[in-house]
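J.: One structure, pasted below without further comment.
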Amino acid sequence: MTHQTHAYHMVNPSPWPLTGALSALLMTSGLIMWFHFNSTTLLMLGLTTNMLTMYQWWRDVVRESTFQGHHTPNVQKGLRYGMILFIISEVLFFTGFFWAFYHSSLAPTPELGGCWPPTGIHPLNPLEVPLLNTSVLLASGVSITWAHHSLMEGNRNHMLQALFITIALGVYFTLLQASEYYEAPFTISDGVYGSTFFVATGFHGLHVIIGSTFLIVCFFRQLKFHFTSNHHFGFEAAAWYWHFVDVVWLFLYVSIYWWGS
């Protein structure tokens, strides 16, 4: 074994990018099968392989960072740049949905009745469940910041409490969103209003679930004393992602729920 004379992490060959890509293919194909043939077999297979890939990839990264010491300051700097670029790519992803919404709503076509919301659509009241959802996510933004400050100050118990509150609020948001979808007086097939509403809020909801998963992993890692006040990039990345999810929701609330109604 050669001695490493640099501060960078030469990653070992890993099967997880390949299995992750295959699970994504299975999930997207399974989604189409579910929509068109009402069969969830392929979707469940895709979700299962995705969960297994996530578990094993996370396990490898935790081992490399916490137990093998591969995440030197230089490596952490690279990971921070990577996370920033990833969040920028997510901003552009959601920009497409806002573009579609404003393109349709600012100049409604005669097919929509020349008005927005389109004729026959009864939008949700922005001062009911959507406003509660907004307050839940804003509260979770406060609690994740509390968790971050507690971690930097070395206060483990407060960090765990704040992180648990954030996860609980994230799960509560998801349940509220699911109930709102169930009771909505329009569907994804109700023209451009239904499609832009459900695609934009649905992808945001998916990001909340991903962010909650990220935070749950951080919670269990903190229970096992993986984070210190000066070495906790895994948690920092999760906090950045959660704040991004917060900000996207504020734009969704103001644009689609409040102005769009």
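Heads up, the Cβ atoms here are built off N, Cα and C, so glycines get one too.
Okay, so Swiss-Prot annotates it like this:
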{"type": "TOPO_DOM", "residues": "1-15", "note": "topological domain 'Mitochondrial matrix'"}
{"type": "TOPO_DOM", "residues": "35-40", "note": "topological domain 'Mitochondrial intermembrane'"}
{"type": "TOPO_DOM", "residues": "67-72", "note": "topological domain 'Mitochondrial matrix'"}
{"type": "TOPO_DOM", "residues": "106-128", "note": "topological domain 'Mitochondrial intermembrane'"}
{"type": "TOPO_DOM", "residues": "184-190", "note": "topological domain 'Mitochondrial intermembrane'"}
{"type": "TOPO_DOM", "residues": "224-232", "note": "topological domain 'Mitochondrial matrix'"}
{"type": "TOPO_DOM", "residues": "257-261", "note": "topological domain 'Mitochondrial intermembrane'"}
{"type": "TRANSMEM", "residues": "16-34", "note": "transmembrane segment"}
{"type": "TRANSMEM", "residues": "41-66", "note": "transmembrane segment"}
{"type": "TRANSMEM", "residues": "73-105", "note": "transmembrane segment"}
{"type": "TRANSMEM", "residues": "129-152", "note": "transmembrane segment"}
{"type": "TRANSMEM", "residues": "156-183", "note": "transmembrane segment"}
{"type": "TRANSMEM", "residues": "191-223", "note": "transmembrane segment"}
{"type": "TRANSMEM", "residues": "233-256", "note": "transmembrane segment"}
J.: Counting only pairs 6 or more apart in sequence, are there at least 3 Cβ pairs under 8 Å between the transmembrane segment (156-183) and the transmembrane segment (191-223)?
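T.: They are in contact.
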J.: Ranking 16-34, 41-66, 73-105, 233-256 by Cβ pairs under 8 Å to the transmembrane segment (191-223), which is first?
T.: 233-256
J.: Looking at the topological domain 'Mitochondrial matrix' (67-72) alone, can you tell me the average pLDDT?
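T.: Its mean pLDDT is 86.
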J.: Counting by DSSP secondary structure, give me helix, strand and coil numbers for the topological domain 'Mitochondrial matrix' (1-15).
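T.: When I sort the residues of the topological domain 'Mitochondrial matrix' (1-15) into the three classes, I find 0 helix, 0 strand, 15 coil.
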J.: So which residues does the topological domain 'Mitochondrial intermembrane' (106-128) touch in its own chain, when a touch means Cβ under 8 Å and the partner is 6 or more beyond its ends?
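T.: Residues packing against the topological domain 'Mitochondrial intermembrane' (106-128) from afar: 180, 184-186, 190-194, 253, 257-258, 260-261.
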J.: According to DSSP, how is the topological domain 'Mitochondrial matrix' (224-232) divided among helix, strand and coil residues?
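T.: Secondary-structure breakdown of the topological domain 'Mitochondrial matrix' (224-232): 0 helix, 2 strand, 7 coil.
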J.: Using a Cβ cut-off under 8 Å, which residues of the same chain at least 6 positions beyond either end of the topological domain 'Mitochondrial intermembrane' (184-190) come close to it?
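T.: Distant Cβ neighbours of the topological domain 'Mitochondrial intermembrane' (184-190) are 120-122, 124, 197-199.
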J.: Give the nonlocal contacts of the topological domain 'Mitochondrial intermembrane' (257-261) in its own chain as ranges (CB under 8 Å, at least six residues past its ends).
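T.: Distant Cβ neighbours of the topological domain 'Mitochondrial intermembrane' (257-261) are 101, 105, 116-117, 123-126, 130, 197.
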